[in-house]
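Per TrEMBL, the features are:
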- 36-60: transmembrane segment (TRANSMEM)
- 72-91: transmembrane segment (TRANSMEM)
- 111-132: transmembrane segment (TRANSMEM)
- 144-163: transmembrane segment (TRANSMEM)
- 320-341: transmembrane segment (TRANSMEM)
- 353-373: transmembrane segment (TRANSMEM)
- 421-438: transmembrane segment (TRANSMEM)
- 459-476: transmembrane segment (TRANSMEM)
Amino acid sequence: MLFFELQFYLLFAIFYPVYFRCPVRYQRHVILVASYVFYAAWDARFLSLLVASTLVDFVAGRKIHAGQRRRFWLGVSLCFNLGMLGVFKYFDFFSVTFADAFGVSPDNRILLDVVLPAGISFYTFQTLSYTLDIYRGEQKPTDSFVDFAAFVAFFPQLIAGPIERAGHLLPQIAAEHRESLANLRAGARLFLFGLFKKLVIADNMGRFVDPVFADPGAFPPQTLLLAAYFFAFQIYCDFSGYTDMARGIARSLGIELSLNFRRPYLATSLRDFWQRWHITLYSWLRDYVYKPLGGSRHGDVRTARNILVVFTLSGLWHGAGWNFILWGAFHGVWLCLERWVGSTGLGRTLGRLPAAVKAVLIFHLVTAAWILFRAPDMATVSAYFRGLAQLRPADLLPGVERFAAEYGSFDLPVLGGSPEAFGMAVFGLALCGPLMLLQVYRTRKGEIFEAHWSRSQQVVFYGLLCLTVFWLAPDVQKQFIYFQF
């Protein structure tokens with residue numbers, strides 16, 4: 001059940017009035033029921049896993065706080081949650097990897113071939129943070145199973161985050177909320193902008209990107225370069241669009257979810273990028289992996305090791321494939337280099353570059369890494385980079401006559417085989433600039449510029465935005481990219 005499907009709108013149209021008309025002490029019950037219905041719409045078979053994870057961590061949290069075999073119950077929580085991930089997400093990958101390493105024939109390999117439960121990577125990290133925080137003495141366990149279950153399964157962020165901490169979301173779930181027109185307007189505004197980013201920008205770019213990454217050998221190097229740039233913006237608008245929609249739904253209920261993006265492509269260093277992109281995941285890895293390993297407290301060598309461990313695990317969290325592992329390791333290595341170079345004369349010289357120049361350099365570094373992330377396997381990665389290696393400077397700056405003769409015909413494979421898809425991808429890219437400038441304005445001014453407009457002006461603005469989504473969204477909408485993780 002996707003946020004832009006009629007099925008979801010019908011569910012929310014029932015849920016919203018029930019939530020605010022029921023006695024306030026039952027609001028968390030309504031959230032829990034709606035969340036389980038939402039999850040069961042994906043695959044009812046895996047609802048039992050979500051409930052089991054909730055039960056295990058609710059009991060483990062109370063036992064840890066009571067001082068009853070603290071390490072044992074923490075181990076139960078870790079083994080159960082990581083065990084679920086291991087079985088459903090990683091078993092087949094490691095089975096094939098070891099079989100290939102030891103020459104086991106395909107007929108003798110042990111494969112589970114199971115479907116990945118929706119949201120499992122997200123809600124397992126969310127419940128694990130609860131028991132880990134209790135073990136550290138940073139969080140008290142809740143006495144209400146309903147509150148905790150609603151915290152784990154809160155439907156706006158259940159499938160793809162943000163990954164919330166109990167200290168932030170649990171008190172909001174337990175609190176009493178009154179219907180507010182201001183919250184409803186703010187939530188609808190966030191939801192609409194997220195819907196615009198997803199359907200108008202990301203999905204239209206995907207129409208060009210998908211066939212190129214499916215068979216990079218069939219396209220010239222110019223197309224490969226364009227597809228890499230388009231994917232960088234596609235994944236940003238897809239994932240941040242989902243986050244905006246999730247935050248908008250929660251905001252309409254009076255609940256504030258964590259910010260997950262802060263204009264990542266304006267980052268002036270790779271470290272800065274990871275403080276802006278998927279913020280809740282990397283704060284989780286920082287607090288529960290990097291710092292326990294020693295962080296940056298024990299010298300450069302151990303710091304580099306810790307960075308590499310964290311980012312390799314990050315790649316593995318995203319997907320069971322060598323391309324994801326290499327994507328994470330790529331970022332880890334560059335972060336180590338950035339840290340080392342920063343203390344040298346070269347680093348100080350680079351630090352004096354204009355912010356715009358540094359942002360462009362980091363964007364291209366991140367975009368190169370996205371090729372590893374987007375490619376379905378290592379064979380595709382290899383083919384993609386082999387194709388890019390054939391790119392010549394003359395291909396980047398064609399003369400006007402050559403452009404008119406070749407590209408103007410709309411016949412070249414440089415257009416991804418579809419002039420319409422290429423045109424919509426370019427249109428989506430053109431919309432990204434104003435969208436990012438709008439976000440910068442809102443952040444620096446601390447206000448929403450259209451809030452100063454009259455009611456009729458706001459109606460016209462948001463009405464046009466709705467019509468734009470309706471007119472320009474592709475006929476077939478794509479699932480959110482991060483739903484596969």
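Yeah, the Cβs are placed from backbone N, Cα and C, and that goes for glycine too.
Note that the structure is predicted; figures quoted are calculated from it, not measured.
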Can you tell me which of 36-60, 111-132, 144-163 gets the most C-beta pairs within less than 8 Å of the transmembrane segment (72-91)?
111-132
So which residues does the transmembrane segment (111-132) touch in its own chain, when a touch means Cβ under 8 Å and the partner is 6 or more beyond its ends?
39, 42-43, 46, 49-50, 53-54, 57, 60-61, 64, 73-74, 77-78, 81-82, 84-85, 87-89, 91-92, 95-96, 139, 148, 151-153, 157-161, 163-166, 281, 284, 287-288, 317, 483-485
Remote residues contacting the transmembrane segment (144-163) - C-beta distance under 8 A, at least 6 residues beyond either end
28-29, 31-32, 34-36, 38-39, 42, 50-51, 53-54, 57-58, 61, 118-119, 122-123, 125-127, 129-130, 169-170, 173-174, 239, 242-243, 245-247, 249-250, 255, 257-260, 278-281, 284, 480, 482-483, 485
